[in-house]
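Colleague: These came from TrEMBL, pasted as-is:
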{"type": "ACT_SITE", "residues": "54", "note": "active site, proton donor"}
{"type": "BINDING", "residues": "110", "note": "substrate binding site"}
{"type": "DOMAIN", "residues": "36-271", "note": "domain 'NADP-dependent oxidoreductase'"}
{"type": "SITE", "residues": "79", "note": "site 'Lowers pKa of active site Tyr'"}
Ligand SMILES: NC(=O)c1ccc[n+]([C@@H]2O[C@H](COP(=O)([O-])OP(=O)(O)OC[C@H]3O[C@@H](n4cnc5c(N)ncnc54)[C@H](OP(=O)(O)O)[C@@H]3O)[C@@H](O)[C@H]2O)c1
């Protein structure tokens, strides 16, 4: 069984540092999701990351139930969709029903921006993400969810949210990998007791598999570039949720190595190479610096059109 360390969250609960991402490149995924989750459970994964927007909560929940592994041994995250900010209680109940589990470990506010009647709300329009968060706090009283957190929040949006929180988010799930280490956000979150979760920790691409630095570190440590990147992320104190449907790759992703200090520094410095400090997800697919209807400035993201980082 894989030896995966757990991290402590600010409410006294623990989370396995490696989880299986369940975004299947498009909503749904059908039986591929059942197969992926069952294989993942067999090779030692005890943490699954889904969302109402992924349209596969039913399959994730079913695989967990079918595995026969005690519920308490598995960590399950799902997320509130952008179209549901004005109906938090109902949307959570729908996710809860679909998962079919006795409780959800973690419920995330997937994005700060809400959508009502197909219109993206501006940051000032109601419900604001502060109002949505207040509704999420109430969910904890139901005991159907153990922790709540946020996703895609920046220092700017956290600065707006935190003064109004009765419950501090346990995590902020954001894009981070060696090209986009988000060091400033990580330090800010750590100071507030919020653990960073790295989504797309492999960059959703082959960039790190082909990079000379990660390849050389992999050779020296008798491992693969993907394992170098994931081990670096966990060693720097972030949770990772890589997605893989391939049995060999999913096993590799949960098999961490300990990187010597010098090699950690080399990966830390990868984004300093020319044209390497950037988001790799192309959320700004309209090329106008907006992501699901909000500008980078409204999101507080340190990116410019094209996804390059403007400051470290
Ligand atoms: N909160 C958010 O807004 C948000 C946004 C994006 C993602 N996420 C979460 O983060 C999870 C992971 O992110 P992601 O799926 O975007 O990207 P990722 O995990 O960085 O990359 C996944 C891709 O890498 C391949 N891969 C996996 N392991 C590999 C390995 N060892 N060697 C080579 N290739 C490998 C996978 O293909 P195979 O399946 O063929 O192995 C897949 O094409 C998602 O599934 C989702 O749960 C959250």
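Note that Cβ sites are derived from N, Cα and C of the backbone, with glycine treated the same way.
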Colleague: Measuring Cα to Cα, how many angstrom lie between residue 79 (site 'Lowers pKa of active site Tyr') and the residue listed as 'active site, proton donor'?
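Modeller: Distance between the two Cα atoms comes out at 9 Å.
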Colleague: Output, ordered by sequence, the same-chain residues six or more apart from residue 110 (substrate binding site) with a CB under 8 Å from its CB, or 'none'.
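Modeller: Residue 110 (substrate binding site) has long-range Cβ partners 51, 52, 53, 79, 80, 81, 82, 151, 152.
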Colleague: Indicate whether residue 54 (active site, proton donor) is helix, strand or coil by DSSP.
Modeller: helix
Colleague: Restricting to the chain of the residue listed as 'active site, proton donor' and a gap of 6 or more, list residues whose Cβ falls under 8 Å of its Cβ, or answer none.
Modeller: 22, 23, 24, 27, 28, 29
Colleague: Taking the Cβ of residue 79 (site 'Lowers pKa of active site Tyr') as the centre, count every other Cβ atom within 10 Å, in any protein chain shown.
Modeller: 25
